[in-house]
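As structure tokens, the structure follows; a few thoughts come after it.
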Amino acid sequence: MRTLELTNISGFVSEFILLGFPCHRDIQNLLFVLFSFVYVLTLLGNTSIICAVWSSRKLHTPMYILLANFSFLEICYVSSDVPKMLANIISQTKSISYAGCLLQFYFFFSMCAAECLFLSVMSFDRFLAICRPLHYPAIMTYHLCARLVVFCWAGGFLWLLTPLTLISQVPFCGPNIIDHFLCDLAPLLALSCAPVSGITLICGIISSLIIFLTFLYILGTYFCVLSVVLQVPSGSGRHKAFSTCASHLAVVSLFYGSVMVMYISPGSGDYPGMQKFVTLFYALATPLFNPFIYNFQNKDMKDALKKILSVL
């Protein structure tokens, strides 16, 4: 691989090598086909939710507007790393420029942060709908919904500005080989030719804050929801309340479960294979499962999709 060519005049690394999944060529071809299929399926699934919400006037409510934005976020999220991963699988060089690496890190983890915020806002919406049903129309207006959507998108990208600024000041003089399929924080900082313990600590605190704060908020809202639902007489009312929240809870469990295994559990970064697998799960598998979870659990969504398919 080109290691000597990847330094500029000042001696600092100008490109990185993303090892990805080093294995036999036939297995790499199989992985390329598999990941390409999952990627296309993810795009189609999340696009179907956006189209269903856009085409059905019945779904022009805050809950589905948030869901449509969440699906668009998933499309951007999976597109920030998978195309480059697929290109590197079939490439001989497997290189990514210094600027490209920083941009990939920023966009991928900004949308990861935005996903945490969207999941929190969606839990707030369900809390109002179930715990404050009479006040819901007055509180969750279209104006508030639009402001919450802007908050999630802007908040995610602003949250990662500090880590991006800190990482951009880290000197990389070689080696330039990252044992990962994307520019993740830990393997990237491991290549620094200067001490980065302070930067690692600050970035760790920033990432942990948004993970824990949003997760605890979601737990709090659903504790309130559960306490209200258990007071509802058994029957269709309780079943409807449970089914309303089941999809969101499933997505929360998938996303936060994999993220916490990766970034919270001790020693998880010591095993590159485990690191890649868990990152691959929340970067590729979770966005794939989301549209299936929401579509299968939601009658209104299924009806809207059937109308779209009947037109086609």
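A Cβ is built for glycine as well, from the same backbone N, Cα and C atoms used for every other residue.
Here TrEMBL flags 30-55 (among others) as transmembrane segment.
Per-residue confidence over the domain 'G-protein coupled receptors family 1 profile' (45-294) averages out at a pLDDT of 88. Annotation comment: TrEMBL describes 45-294 as domain 'G-protein coupled receptors family 1 profile'.
Sequence-distant contacts of the transmembrane segment (61-80), counting only residues of its own chain at least 6 positions beyond either end whose CB sits under 8 Å from a CB of the stretch, comprise 39, 42-43, 46-47, 49-50, 53-54, 104, 107-108, 111-112, 114-115, 118-119, 121-122, 125-126, 129, 140-142, 144-145, 148-149, 152-153, 283-284, 287, 290-291, 294, 300-301. The transmembrane segment annotation in TrEMBL covers 61-80 (among others).
Feature annotation from TrEMBL assigns transmembrane segment to 101-121 (among others). Here the transmembrane segment (101-121) has long-range neighbours at 16, 66, 69-70, 73-74, 76-77, 80-81, 84, 148-149, 151-153, 155-157, 159-160, 163-164, 167-168, 178, 182-185, 188, 207, 210-211, 214-215, 217-218, 248, 251-252, 255, 259, 282-283, meaning same-chain residues at least 6 beyond its ends whose C-beta is under 8 angstroms from one of its own.
Cβ atoms under 8 Å from those of the transmembrane segment (141-161) belong to residues 62, 65-66, 69, 73, 106, 109-118, 121, 124, 206, 210 of the same chain, restricted to positions at least 6 beyond its ends. The annotation transmembrane segment is assigned in TrEMBL to 141-161 (among others).
Residues or ranges marked as transmembrane segment in TrEMBL: 181-202 (among others).
Away from its own ends, the transmembrane segment (208-230) comes close to residues 113, 116-117, 119-120, 123-124, 126-127, 130-131, 159, 238, 241-242, 245, 249, 252, 256, 259-260, 263-264 of its chain (Cβ-Cβ under 8 Å, at least six residues beyond either end). Annotation source TrEMBL lists transmembrane segment at 208-230 (among others).
The transmembrane segment annotation in TrEMBL covers 242-265 (among others).
Long-range contacts of the transmembrane segment (277-296) within the same chain, counting only residues at least 6 positions beyond its ends with a Cβ under 8 Å from a Cβ of the stretch, are 35, 38-39, 41-42, 45-46, 48-49, 67, 70-71, 74-75, 77-78, 81-82, 108, 112, 180-182, 184, 247, 250-251, 254-255, 258-259, 261-262, 268, 302, 305. As annotated by TrEMBL, transmembrane segment applies to 277-296 (among others).
Counting same-chain residues at least six beyond the ends of the transmembrane segment (181-202), those with a Cβ under 8 angstroms from any Cβ of the stretch are 13, 16, 18-21, 81, 84-85, 88, 96, 101-102, 104-105, 108-109, 162-163, 166-167, 170-175, 269, 272, 275-276, 279-280, 283.
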